[in-house]
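Database features, via TrEMBL:
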DOMAIN    8-100  domain 'Aspartate carbamoyltransferase regulatory subunit N-terminal'
DOMAIN    105-146  domain 'Aspartate carbamoyltransferase regulatory subunit C-terminal'
BINDING   C111, C116, C137, C140  Zn(2+) binding site
Amino acid sequence: MSDTDKELRVSKIRDGTVIDHVTAGQALNVLAILGIDGSGGESVSIGMNVPSDKLGLKDVVKVEGRELSQSEVDVLSLIAPEATINIIRDFDVIEKNRVERTESVTGILVCPNHNCITNADEPVRTAFAVLEDGVRCSYCGTIVRGGDVAEHIDAHGSGETAL
Ligand SMILES: [Zn+2]
């Protein structure tokens, strides 16, 4: 397959962010982390199971006119540890960063414990310590296993609302 064919799979963007080398199958979870469900009018392109020299198969997410917050990058590192984040300005990559594994993540994830203070009607931002294989709620100690993290992404992106 030529490079042109590869490019056509996911069109170029003018200004925004390209999240590349996303673990295959995680693209929709990446959108959930970004709080994007289409209702906000963002222009988004997704490539799923795109051939990759590095990963075999990968997903790619391109979001027009949007950059990622540190919280978003932190949670992204949990579900797509090999991801690279490319900041695009006027069709050029002006910055390229690998996601880094962090020690904690705040916001975005929701604690599965319904009795947790973060699920009460309080303006408490969720916080989780990152473990070897999962995360642990900093408030109630509930552990979410690595493979289950994606199920606990707050669709609204704030990490403040109850399930
Ligand atoms: Zn909790």
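Backbone N, Cα and C atoms are what each Cβ position is placed from, and that goes for glycine too.
Shown here: features listed in TrEMBL, placed on the structure.
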residue	record	CB count, 10 Å
C111	Zn(2+) binding site	28
C116	Zn(2+) binding site	18
C137	Zn(2+) binding site	23
C140	Zn(2+) binding site	14
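Each residue in the domain 'Aspartate carbamoyltransferase regulatory subunit N-terminal' (8-100) gets a DSSP state, and the totals come to 19 helix, 39 strand, 35 coil.
Cβ proximity to the Zn(2+) site centre (mean Cβ of C111, C116, C137, C140, cutoff 8 Å) flags the following additional same-chain residues: P112, N113, N115, I117, T118, N119, T126, S138, Y139, G141, T142.
Per-class residue totals from DSSP over the domain 'Aspartate carbamoyltransferase regulatory subunit C-terminal' (105-146), listed helix then strand then coil: 4 helix, 15 strand, 23 coil. Confidence in the domain 'Aspartate carbamoyltransferase regulatory subunit N-terminal' (8-100), given as mean pLDDT, stands at 92.
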